[in-house]
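Visitor: One structure is given below, represented as structure tokens, and several questions about it will come after.
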Amino acid sequence: MTTREYDYIICGAGSAGNVLATRLTEDPDVTVLLLEAGGPDYRFDFRTQMPAALAYPLQGRRYNWAYETDPEPHMDNRRMECGRGKGLGGSSLINGMCYIRGNALDYDNWSTHKGLENWTYLDCLPYFKKAETRDVGPNDYHGGSGPVSVTTSKPGVNPLFEAMVDAGVQAGYPRTDDLNGYQQEGFGPMDRTVTPKGRRASTARGYLDQAKVRPNLEIVTHALADRILFDGKRASGVTYLRGSERATAHARREVLVCSGAIASPQLLQRSGVGPGAWLKELDIPVVLDLPGVGQNLQDHLEMYIQYECKEPVSLYPALKWWNQPKIGLEWMLNGTGLGASNHFEAGGFIRTRDDDPWPNIQYHFLPVAINYNGSNAIEMHGFQAHVGSMRSPSRGRVKLRSRDPNDHPSILFNYMAEALDWREFRDAIRATREIMRQPALDRYRGRELNPGADCKSDKELDAFVRARAETAFHPSCSCKMGYDDMAVVDEEGRVHGLDGLRVVDASIMPIITTGNLNAPTIMIAEKIADKIRGRQPLARVDVPYFVANGAPARNVAKAVRQPETV
């Protein structure tokens, strides 16, 4: 057994862990050990580096933990996919590369919780900007010198993107030029974490590339954290496995858990921090009975509303193996072409009811009919909208199955457990159909493939959701930040009741944000990094942002085609 000592030990080299490793080692006298259970982010592997290949990492286990849920009771008892990234970059190595920060009111809502007053949108915005380099340059809402490369949608891409945005506007919803700027609500182009050379902009590329040469950072891959060690109530180190070899590292200052919304509560529970009754079931000595560890689990659920495309402009030919060598060669040599995009270049956020204070539904538009993980491709030209609700009231949990770090935990999201979930998904399907029947899509829109034009009643729509809805791969909130009885960490990520231990990743969100989670997770890590370093927080950015204040969710009077009656 080997033993080493560092100032900080970080468990997990993902969207948050790489940020902390980079920022903490900017201080040359601070030593950091970064542990990652997966391997390197091999830059020659097109599966993780080519944006268009985003489905491939989800189809294996080299880069994907490939978790599976317990039977979901409201989803026909299906065991559902829960992919999480494994390797330097974590889930930023296998995600869909959509750069969505969330709605300003997400953070303003967090700040209404006791003790979280410094998590308003205007407090968070400087850290979003700090992390970002946007290809069209900085402005009041965007950064120009950060580690994360953000690419905007360019004119001349697939005509279906513009048509779908125009259709949303024709249906009476707003147009927005920037889903991460003044107004998230509406339809418009989508920013993506892609480099100017057409490569995936993971946190391994953006952050670790600048930090890994520092002598005060040690990165150990294929290192599976087993347990956090404690000296009384103070975290003192970590034991981890590399193959059959066990090693121990000691932390002079802090242990930072950045393993994500599934593995962070799993590691805490295995270390004796969690609901006491759960730990005793597995004969784990209780360091601290902390009931919220693994509770409050949230995710985004989504459906694919698919249509036949009457004109041959979809990405369907690119799915054929005989066309892929040319696409790959152009990407490899020039960083251009179909391989250089994730093809989520347009989307939007809407409110389905006037009394929704901010958007409750997200759209990703895709010019092909296929599942996110690359399965169930429709054998024809087609297009689809990925549609899902943003802030489900349903809550799940992550619970340890055994003390073996190689065993996956029991995961139950408890999808669709509340009446509001069903109302929002029915609303989403019907709103999508109204968008798709607008004139902008007339030349492209063929028959509805899924759910199918005959699927109309509440009962039929509900059956479709139960059978076909899938995860958007956004698990979060399982070690929530706050000060109520179920909170796990305080406003700086420090675990309640313990010293020298923080959790910093998407698991500490008190409520899931409106949109994809990579950008908010990076922001959280940037913000807490300043706290760890004892630095003054960045000054608030005093910019305006859109608030609906009860305005109609949709201007039906301006809709080009009025709603159909059901």
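Cβ atoms here come from the backbone N, Cα and C positions, even for glycine.
In case it's useful when we look at the structure, here is the feature table from Swiss-Prot:
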{"type": "ACT_SITE", "residues": "His474", "note": "active site, proton acceptor"}
{"type": "BINDING", "residues": "7-36", "note": "FAD binding site"}
{"type": "REGION", "residues": "180-202", "note": "region 'Disordered'"}
Visitor: Have a look around His474 (active site, proton acceptor) and count the other CB atoms within 10 A of its CB, chains all included.
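Guide: Result for His474 (active site, proton acceptor): 24 neighbouring Cβ atoms inside 10 Å.
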Visitor: According to DSSP, how is the region 'Disordered' (180-202) divided among helix, strand and coil residues?
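Guide: Across the region 'Disordered' (180-202), DSSP assigns the residues as follows: 0 helix, 7 strand, 16 coil.
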Visitor: About how far apart, in whole Å, are the alpha carbons (Cα) of His474 (active site, proton acceptor) and Ser15 (FAD binding site)?
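Guide: Between the alpha carbons of His474 (active site, proton acceptor) and Ser15 (FAD binding site) there are 13 Å.
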Visitor: Using DSSP, would you call Asp7 (FAD binding site) helix, strand or coil?
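Guide: SS state of Asp7 (FAD binding site) = strand.
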Visitor: Show which residues of the chain containing Leu35 (FAD binding site), separated from it by at least 6 in sequence, have their CB under 8 Å from its CB.
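Guide: For Leu35 (FAD binding site), the qualifying residues are Ile9, Ile10, Cys11, Gly12, Ala13, Val220, Ala223, Ala225, Val238, Tyr240, Ala249.
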Visitor: List nothing but the one residue from Asp7, Asp27 whose Cβ has the fewest other Cβ atoms within 10 Å; the candidates are the binding-site residues.
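Guide: Minimum Cβ neighbour count within 10 Å, taken over the binding-site residues Asp7, Asp27, occurs at Asp27.
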Visitor: Non-local Cβ contacts of Val19 (FAD binding site) (under 8 Å, 6 or more apart, same chain)?
Guide: Ala131, Thr203, Tyr207, Ile522, Ala525, Glu526, Ala529
Visitor: Show which residues of the chain containing Arg23 (FAD binding site), separated from it by at least 6 in sequence, have their CB under 8 Å from its CB.
Guide: Ala525, Glu526, Ala529, Asp530, Arg533
Visitor: Using a Cβ-Cβ cut-off under 8 angstroms and a sequence gap of six or more, which residues of the chain neighbour Thr31 (FAD binding site)?
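Guide: The answer is Tyr6, Asp7, Tyr8, Asn216, Leu217, Glu218.
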Visitor: Let me spell it out: for each of the binding-site residues (Cys11, Ser15), count the other Cβ atoms within 10 Å of that residue's Cβ, using every protein chain shown. Which one has the most?
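Guide: That would be Ser15, with the highest Cβ count within 10 Å.
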Visitor: For Leu35 (FAD binding site), just give me the three-state DSSP call.
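Guide: For Leu35 (FAD binding site) - judged by DSSP and reduced to three states - the answer is strand.
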Visitor: According to DSSP, does Val19 (FAD binding site) fall in a helix, a strand, or coil?
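Guide: Helix, per DSSP.
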